[in-house]
């Protein structure tokens, strides 16, 4: 049971790491969220993004 708990915690930590690195800020300057849609589509395959602190964030 102790080994199962350790494996479960390791799996959760790895999953969080993978999910947070998958999407995020990309190196594209912007002034409006609509400028990020095409850039995010090219990088992540999804057109979901917004302009945050003059930099595109993709979801």
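Glycine is no exception: its Cβ is also placed from the backbone N, Cα and C atoms.
Note that the coordinates shown come from a computational prediction; the quantities given were computed from them, not determined experimentally.
Feature annotations, courtesy of Swiss-Prot:
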type     : residues : note
DISULFID : 30-51    : disulfide bond
DISULFID : 36-56    : disulfide bond
DISULFID : 40-58    : disulfide bond
SIGNAL   : 1-22     : signal peptide
SITE     : 38       : site 'Important for the inhibitory effect on KCNMA1 channels'
SITE     : 59       : site 'Aromatic residue of the functional dyad'
Distance from residue 51 (disulfide bond) back to residue 36 (disulfide bond), taken between C-alpha atoms, in Å: 7
Entries of 30, 38, 40, 51 which, being recorded positions, have CA atoms within 10 angstroms of residue 59 (site 'Aromatic residue of the functional dyad'): 40
Reduced DSSP assignment, residue 58 (disulfide bond): strand
Spatial neighbours, same chain, of residue 40 (disulfide bond) - Cβ under 8 Å, 6+ residues apart: 26, 46, 47, 48, 49, 56, 58, 59
For residue 30 (disulfide bond): intrachain residues, at least 6 apart, with Cβ closer than 8 Å: 36, 39, 51, 54, 55, 56
In three-state DSSP terms, the structure that residue 30 (disulfide bond) belongs to: coil
Lowest local Cβ density among 51, 58, which the record lists as disulfide-bonded residues, within 10 Å: 51
